[in-house]
Amino acid sequence: MHEIRKALRGDAVVLMGKNTMVRRAIRGFLSELPEFEKLLPFIKGNVGFIFTNGDLKSIRDIVVSNVVAAPARAGAVAPKDVWIPAGNTGMEPGKTSFFQALGVPTKIARGTIEIVSDVKVVEQDAKVGPSEATLLNMLNISPFTYGMSVVQVYDNGQVFPSSILDITDDELISHFVSAINTIASISLAAGYPTLPSVGHSIINNYKNVLALSVATDYTYEGSEAVKDRLANPEAYAAAAPAAAAAGGAAEEAATEEAAADEEESDDDMGFGLFD
């Protein structure tokens with residue numbers, strides 16, 4: 001707790017207290033600030049409050065990163081699997097019975113007990129037995145870590161689970177874009193204009209007007225070129241090859257001219273003015 005207070009100094013304030021006193025304090029100002037009643041269901045167990053105006057995710061990272069190693073205690077629930085690594089323990093042979101009781105394979109090497117292979121002595125979510133706790137403490141193994149975790153986030157009268165801090169900006173943008181697309185699709189299907197669908201509606205309506213102009217005698221400035229292309233496709237089809245042919249002829253003429261210059265240059269080579 002001291003390390004967490006030290007790490008958060010200047011950015012946040014940590015407040016710990018008895019749950020009964022905290023509840024009494026909150027109920028004392030509920031008449032003026034009724035939104036704080038949402039905090040009461042979470043005041044149970046060993047909890048505290050962190051007050052900050054800073055970035056909540058950064059504060060959470062500082063809190064959860066401050067952990068300390070702790071020895072195994074009999075009756076404690078293991079948060080993860082506990083292993084005893086292979087190697088020399090430095091213990092005298094008289095303590096072999098501790099290892100044998102837990103099925104840890106050992107041998108005597110140079111007058112000390114040596115563990116032959118890695119052994120799992122406690123499984124995750126299982127209670128630590130007295131024998132396991134004694135052996136782990138004899139080996140100076142502190143398999144567990146203890147620290148604080150963020151349970152709930154309170155902001156402007158709303159309470160959120162701490163998992164909300166894991167949402168990134170990219171995820172927010174992705175959900176926002178998806179929502180806009182959904183609104184636009186529903187608006188277009190229902191024929192009800194909304195801001196996300198206006199652009200699509202304008203394009204679709206323009207296509208409809210253009211199609212109507214092509215199908216009838218009505219002509220406007222935007223449809224003249226389209227109707228002319230549809231009415232005289234041969235003219236546009238002939239214009240394209242003609243342009244391509246003109247370009248090809250120009251390239252061919254340039255190639256012939258370059259070849260002629262090269263021949264003239266070759267004819268002059270090796271002959272002087274008075275030869």
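Glycine residues also receive a Cβ, built from the backbone N, Cα and C atoms like all the rest.
Taken verbatim from TrEMBL:
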COMPBIAS  253-269  compositional bias 'Acidic residues'
DOMAIN    72-141  domain 'Large ribosomal subunit protein uL10-like insertion'
REGION    247-275  region 'Disordered'
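Residue counts for the domain 'Large ribosomal subunit protein uL10-like insertion' (72-141) under DSSP (helix as H, G, I; strand as E, B; rest coil) come to 18 helix, 19 strand, 33 coil. When averaged over the domain 'Large ribosomal subunit protein uL10-like insertion' (72-141), pLDDT in the model lands at 84.
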